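Asker: Heads up, here are the entries from TrEMBL:
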- CYS283: active site, nucleophile (ACT_SITE)
- HIS367: active site (ACT_SITE)
- GLU369: active site (ACT_SITE)
- SER49, GLY255, GLY257, MET284, GLN287, ASN325, GLY327, TYR328: L-glutamine binding site (BINDING)
- 5-144: domain 'Carbamoyl-phosphate synthase small subunit N-terminal' (DOMAIN)
- 1-209: region 'CPSase' (REGION)
Amino acid sequence: MQVRKTATLVLDDGSEFHGFSFGYDKAVAGEVVFNTAMTGYPESLTDPSYAGQLMVLTYPLVGNYGVPPFSIEENDLPTFMESEKIHAEAIIVSDYSEEYSHWNAVESLSDWLKREMIPGITGIDTRALTKKIREHGVMMGRIVISDADNEVESGKVKDESEMPDYGSINYVDRVSCKDIIVYRPDGTSSTYPIGSDNFQLSSFNSQLKHVVLLDCGVKANIIRCLLKRNVTVVRVPWDYDFNTLEYDGLFISNGPGDPDTCDVAVQHIRKALAGDKPICGICMGNQLLAKAGGASIYKLKYGHRSHNQPVRMVGTERCFITSQNHGYAVDNDTLGADWEPLFINMNDGTNEGIKHKTKPFFSSQFHPEACSGPTDTEFIFDKFVALL
Ligand SMILES: NC(=O)CC[C@H](N)C(=O)O
């Protein structure tokens, strides 16, 4: 029988949680965040917004439905994942199941993590860990695997590696695309290096509307939700000045890290606010749109990461259950005179979306495209496309 390597999570406050490695054996550091969803680890791990973070799952049994194949479908998009690779730095669970059963599973979570060189720890009291984060606020942490280089002896972890400063790193720049990628509803896509002479928006199918997708770390299902509504999607890097293009609408994606590291994008969005073309954003997109409109962002104590966050549409009694993954929030009190909150979180009263009072600009802090659900708020894409 294979000997299980012990693995320790060391939090910034010095506390240690001991368990066993079931992924790739390497030391990593990152922001420790918890997600209370009951399903969706393939989608969450490949969500680029988790870059730089150690993902704690509070649902106790993880791995029992395995991992779907990494297959590429129409438009060169992954069928079952949100991007081309795992973006979280590590996954931390209570009870990992190597045995799995699911019609679509092709491998165990452990095999996938090892192939992608991502650590996984099991045997952690994730509820105690979550309580600690809820009380103290989100913390940095590192994982140390007991091997020849990093021994864990009598509760004292020897590894002294530097903790990165999560808030100061521009993770968006790390995960955004480097080229312009055009996706068409007919299932095709083309890539154009920045500055390429072949790239001319006017040469695309003029029957269809063109949506510029500002890629801050976009999830594949956002692209699919737009394509399903029969528009051409022009995905551009986060710092690209899209104002030089003749487009019909702007969509700002989700993305990792502190929105204050994305000033270049904010400047470009601010220019677009002077015009009248429809603008929509999701999560990081909500934060960058708000910043462009003059509002400020603050860090939540421990974020919203789950599939059951209740939000109310302001001015109505309509509530929606939403999927969320964010650590920062728009400060409602700093919204300029032209803006108003669009959604409010029913748990803690924080901002969950904004809209411009007169122009076709609006966004959500939650994920209307969420895959693995809920899909109650997918109407946001309909509203945006109807405005084009
Ligand atoms: N999913 C996202 O776009 C997250 C936005 C931002 N990184 C936050 O944590 O608030």
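Glycine is treated like the rest: Cβ placed from N, Cα and C.
For the listed features, I'd like the structural context: burial, neighbours, distances.
Answerer: The Cβ of CYS283 (active site, nucleophile) lies under 8 Å from the Cβ of SER49, SER253, ASN254, GLY255, GLN324, ASN325, HIS326, SER364, GLN365, PHE366, HIS367, each of which sits 6+ residues away along the same chain.
Within 10 Å of the C-beta of HIS367 (active site) we count 26 further C-beta atoms, all protein chains included.
For GLU369 (active site), the count of additional Cβ atoms within 10 Å of its Cβ stands at 25 [all protein chains shown].
Under the DSSP three-state reduction, ASN325 (L-glutamine binding site) is assigned to strand. Around ASN325 (L-glutamine binding site), a 10 Å sphere centred on its CB holds 27 further CB atoms from the protein chains shown.
Mean model confidence of the domain 'Carbamoyl-phosphate synthase small subunit N-terminal' (5-144) amounts to 97 (pLDDT, 0 to 100 scale).
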Asker: From the recorded positions listed here (MET284, HIS367, GLU369), select those whose CB sits under 6 A from an atom of ligand 1.
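Answerer: Only MET284 qualify.
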Asker: Give me the count of other Cβ atoms within 10 A of the Cβ belonging to SER49 (L-glutamine binding site).
Answerer: 31
Asker: So of GLY255, GLY257, which of the binding-site residues has the fewest other Cβ atoms within 10 Å around its own Cβ?
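Answerer: The binding-site residues GLY255, GLY257 were compared, and GLY257 has the fewest Cβ atoms within 10 Å.
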Asker: Count the other Cβ atoms sitting within 10 Å of the Cβ of TYR328 (L-glutamine binding site), across every protein chain shown.
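Answerer: By my count, 19.
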